[in-house]
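J.: Here it is, the structure, as structure tokens.
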Amino acid sequence: MRLHPLTVVYRIGRRAVNLGWGVVVGFAGAASIPFVDRRLIVVALALALLVLVGYEVARYRRFTYALAGTTLELRSGVLSRREREIPIERVQNVDVSRTIGQRVLGLATVRVETAGGGDTEAVLECVSAAAAEDLQTELRRLKRAAADADEVTEGSDGVRAGGTAGSTGDVVGGAMDDASEVIFDLGHRRLLLASALSFDVRLLSVVFVAQPVVQPLLAPLVGDLAGVTTVVALLVALLTAVGLWLASAARTFARYYAFRLVRAGDDLRYERGLGRRYTGTIPLEKLQTLAVEETALERAFGYASLSVVTAGSVGSNTTGGSAAAVPLATRADVFSLARDLEPFADVAMERPPTRARERYAIRYALGVGGLLALTAAVDALFTPVPYAWAPALLLVLAPVAAHLQWRNVGVALTDDHAVVRRGFWTRRTRVLPHDRVQTAAVSATLFQRRRDLASVAIDTAGGDAVAPDYDAARAREIRDRVVERAWAAVGARRDADDSH
């Protein structure tokens, strides 16, 4: 099978948009040179366009893909030929996205992620929207058929996989026809709320800390009155903050527009996007970690978001790293849905010792000292900075910031899960099933060792979760318990598979 014939038109148009301004500037610059004939420039541009068209046509003709039994085969390359085979059983996620231009032309992009792959394994950039949906559905069906065939083979005595392939395919086909259940619909009200709460309040500190530096630059424009320059500088800072908030809200609105999450068998399917439309799957059998995120603004109003991390989503930018299962809902609803996907107990988080809080306070005080030194250096060496001593006032906030950071760190262990929480501006609570844990390690920096502290890192195929600044002995105890329960969980799962 080939890509859609309009692939050539789409790619040439995209390159023209990306390079068009550079070509115009280059043409204008070359035309201003006296000894350069403009007709030669036009001829060169025409030849370049012909080469581009020829290359894109050859690229289109040399790219083919096919589903051959248990593999996805791809052949591509103009100057060098490349052939790839991706086993269906290794496919983790199949995402379909459509830009505005692709939606106008009836095209779509299919991205295939595999287990252990940090990047997207295969990209079918321009296929018809119907073909993209069919390919996504067929890959899911073949993957499930392969998994069911393996189970039948392992559970039967002397029965070959080929003898049950037909019945397995029928069962899978029926499973794919089962009614899907919508488990979350963002809706317009929550979409607007998510957009309004998406602003990172840390940007406000950057804007207003820069105000003393910006103020001297505005003095020649607004006059010599200190009061006027101060008011104008504050106004510029305020307008900048509002602009950043609007930009953040617009980005969130476009990303999660018309978000729906559907459960179909063992998969979650999502749809989202305004300008660029995404559809994709989250295979629950490959779930590695559940992540509940709460920004400072969301936490103040009792809201949170939920992400599902699978083995194939690490490092991928297709879906923002991990797939968002719930962009915004009340905290209770988020944890309720998380427990539906991966049942875990409601546990009390264990905080680090109080000497970790003292370490945070010293760290913040040193940061304030560095900012004060920088302001003083600018005032002494370059230009007068009004209120150059003002950063010293932030020392009062160092203990408060240290306490807030300390109280948002926590860890808890159950028989089946490890729960790790950290972060103030964006608090992340990660739920890691013990049977998905790959490694658990204890580390300590020089400054941690001085206070007998250490950090515990629990790693899965979907990334790691770090519980920082616990008592060194307690950190080793947490590590040992996680490893012990991980081995027990893996053994229990193996025994369950053998019993089937």
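For all residues, glycine too, the Cβ spot is worked out from N, Cα and C.
The following feature annotations were taken from TrEMBL:
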DOMAIN    60-138  domain 'YdbS-like PH'
DOMAIN    256-337  domain 'YdbS-like PH'
DOMAIN    406-481  domain 'YdbS-like PH'
TRANSMEM  12-33  transmembrane segment
TRANSMEM  39-58  transmembrane segment
TRANSMEM  191-213  transmembrane segment
TRANSMEM  225-247  transmembrane segment
TRANSMEM  361-382  transmembrane segment
TRANSMEM  388-406  transmembrane segment
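Burial and contacts for the listed features, if you can.
T.: Across the domain 'YdbS-like PH' (60-138), the model assigns an average pLDDT of 85.
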J.: When you scan the chain for residues with a C-beta under 8 Å from the transmembrane segment (361-382), skipping those not six or more beyond its ends, what do you find?
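T.: Contacts of the transmembrane segment (361-382) (Cβ under 8 Å, skipping residues fewer than 6 from its ends): 209, 212-213, 388-392, 394-395, 397-399, 401-402.
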J.: Within the domain 'YdbS-like PH' (406-481), how many residues are helix, strand or coil going by DSSP?
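T.: Going by DSSP assignments, the domain 'YdbS-like PH' (406-481) contains 20 helix, 42 strand, 14 coil.
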